[in-house]
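To start, the structure itself, in structure tokens.
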Amino acid sequence: MVVTQLNLEFCFRGKKLRGFSCELTRSPHGVLPESFFTIMCQVVVPILLSGLCMMAAGLVMNTVQHWPVFVEVKDLLTLVPPLVGLKGNLEMTLASRLSTAANTGQIDDPQEQHRVISSNLALIQVQATVVGLLAAVAALLLGVVSREEVDVAKVELLCASSVLTAFLAAFALGVLMICIVIGARKLGVNPDNIATPIAASLGDLITLSILALVSSFFYRHKDNRYLTPLVCLSFAALTPVWVLIAKQSPPIMKILKFGWFPIILAMVISSFGGLILSKTVSKQQYKGMAVFTPVICGVGGNLVAIQTSRISTYLHMWSAPGVLPLQMKKFWPNPCSTFCTSEINSMSARVLLMLVVPGHLIFFYIIYLVQGQSVINSQTFVVLYLLAGLIQVTILLYLAEVMVRLTWHQAMDPDNHCIPYLTGLGDLLGTSLLALCFFTDWLLKSKAELGDISELASGPP
């Protein structure tokens, strides 16, 4: 399919036409040209900024894990990945929906813009309340399985902290995403390239900071038996209000009715990553796990969200739901076609994959400068860490291509169904691979130390 774009500019003086200019752009690949350099320039700054914010989130988590509330209520650490993962379930999905709406001209009309914004904000408040409560329940169930004990006061604290954190973070980030998408549209920048990484960057830091402050507040007032139940009931009572606002938009109501499975399953997947984190973070051989977890999970989630949003926009612009373009007919494409062809989506996948190693090296170096000797810095660990980041992002980018094709073939919107799964998998993959890096590095060091001891023992007396 050849796409032709015709840009006409007319110059009027008074009511008379005094001149015009004409620009014709043709693309043989089905999309308007977007060069490797253009994609790189638009993506690299948001990714670096998001990385800095994720490093800040890692440093915050490394500090707050020693706070009394986190020491006493161990399930709070299990709650971190699914709550932080709300950026993928809600904010990044919102950013992707709004980017698609902006690129297809749906928010150019002021009245339509107001309807889209208000209904989307109401939607994420309903989702945040429900998912926040379910995340707390999942953390409690995983805690019960491993410890076989339940404290009612801690249950109430965990539920209230989760619901309030999810609500506040969703509202703040939702408003920010709306401003960024509308601003990018007016500046002529593709929102797909910048909205999702910024959502993720501030999402980690804001969500973790709010969770720490809110849980500490409830912990200080744990003698007040009515405070935490009242908070949960208040936010539950607001849910019908958000539903009424969301009813303005039929597509949003469709998401509200049928879009729960992706975000709930993604939350469950992220919870297993939280279980790995809570089991490893306090052990000596995993020292530094709290600092690096938000970084490796966030980088993977950012990059795959950008790619998913771009593919989704491509399909919305040049195809109809349920019908895949000719070059995307295969549900399980050859990995080479995902990364090594001249198609625009393959080009963007190469750009995103190329950012993994230099990005992680920059983030690792800054973390080392800030934390000093408290962060593991052996060459073996650095190589393992970079390899883990590459494996994570390669798997996620390929799965993004597969999942977007499958969901589009089923006439479902990839913006709503793919990003939650992929960011949840990114959290689980990132946490698992990072734990494996720490364990492998510790194992290799232990073997080397044992070898040195054996040599000393077998030496001359």
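In case you wondered, yes, glycine gets a Cβ from its N, Cα and C as well.
Features reported for this protein in TrEMBL:
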- 36-61: transmembrane segment (TRANSMEM)
- 80-213: domain 'SLC41A/MgtE integral membrane' (DOMAIN)
- 122-145: transmembrane segment (TRANSMEM)
- 157-184: transmembrane segment (TRANSMEM)
- 196-219: transmembrane segment (TRANSMEM)
- 226-246: transmembrane segment (TRANSMEM)
- 258-277: transmembrane segment (TRANSMEM)
- 289-308: transmembrane segment (TRANSMEM)
- 293-436: domain 'SLC41A/MgtE integral membrane' (DOMAIN)
- 351-370: transmembrane segment (TRANSMEM)
- 382-399: transmembrane segment (TRANSMEM)
- 419-444: transmembrane segment (TRANSMEM)
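The transmembrane segment (122-145) makes contact with the transmembrane segment (157-184): 3 or more of their CB pairs lie within 8 A, with pairs spaced 6 or more apart in sequence. Against the transmembrane segment (36-61), stretch 289-308 shows more Cβ pairs under 8 Å than any other of 157-184, 226-246, 258-277, 289-308, 382-399.
Counting Cβ pairs closer than 8 Å to the transmembrane segment (258-277), the top stretch among 157-184, 289-308, 382-399, 419-444 is 419-444. Beyond its flanks by at least six residues, the transmembrane segment (351-370) meets 36, 39-40, 43-44, 47-48, 51-52, 54-55, 58-59, 291-292, 295-296, 299, 303, 306-307, 339, 377, 382, 385-386, 389-390, 393-394, 397 of its own chain at Cβ-Cβ distances under 8 Å. Here the transmembrane segment (419-444) has Cβ contacts under 8 Å with residues 81, 84-85, 87-89, 92-93, 96, 196, 262-263, 265-270, 272-274, 276-277, 280, 285-289, 292-293, 296-297, 299-301, 304-305, 308-309, 376, 378, 380-381, 384-385, 388, 391-392, 395-396, 399-400, 403 of the same chain, all six or more residues outside its ends.
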